[in-house]
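Trainee: My questions all concern the structure below.
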Amino acid sequence: MAILCDYEEDQQNQQPSSSSLSSKKDVILAEKENDATLKKPEEEKQQRENKLVPNKDNDLDMENYSWGQSLQEVTVNVPVPQGTKSSLLLCDVKTNSLKVGLKGQPPIIDGELFKPVKVNDCIWSLEDKKMINILICKRDQSEWWKSLLKGDPEIDTQKAEPEPSKLSDLDSETRSAVEKMMFDHRQKQKGLPTSDEIQKEQLLKQFMAQNPNMKFPPGAQFM
């Protein structure tokens, strides 16, 4: 019996306490959270690296066509066989889709547009009987398109550059939205607050000045 009791006592001494088990679980959970925190910036960096740098026209040259854009419009150039007549072409621009090609043949372009467009303002033409030129008017004229069609390779819109001379051609509302977007982008690159964050901070300071007797917790923000 003495041997059995000593054995049971040894086993009890070897078993970890509930408090030590809890501590180990906390450590494991903390390590997992740290790993997830470290992976998130890496994943975001990888997503940015997967995006393509736009060319001088803020666009991409695809296999069967090329496209470019300004903040107001998208231009699409589709080469066709030399001598093609306009009567043989199919060019169907809808609010959310685009279909281009030769009649009786598989379409060259066929898919959902990245963003809605103003159909009545879109035009197309055949140049030198070998190139289809399509001018597409964006509905939202304050945003860069990442691709012509959804599902196509995307460009890095943070590297898109508007032509400075074109800003003066925008209406006041669109120009203000573009300037705000460009300012916020520069602020984010520098790690500084955006225009909305600056405005909230100013409102909070004004409110605190008007209510000096109120106590505000550290890091209080104006919602």
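Glycine too: its Cβ is placed from the backbone N, Cα and C atoms.
Pulled the feature table from TrEMBL, pasting it below:
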type: COMPBIAS; residues: 1-11; note: compositional bias 'Acidic residues'
type: REGION; residues: 1-59; note: region 'Disordered'
type: COMPBIAS; residues: 12-22; note: compositional bias 'Low complexity'
type: COMPBIAS; residues: 23-59; note: compositional bias 'Basic and acidic residues'
type: DOMAIN; residues: 60-149; note: domain 'CS'
Trainee: Grab the pLDDT values for the domain 'CS' (60-149) and give me their mean, rounded.
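Mentor: 94, rounded to a whole number.
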Trainee: Per DSSP, how many helix, strand and coil residues does the domain 'CS' (60-149) have?
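Mentor: Summed by class, the stretch gives 6 helix, 44 strand, 40 coil.
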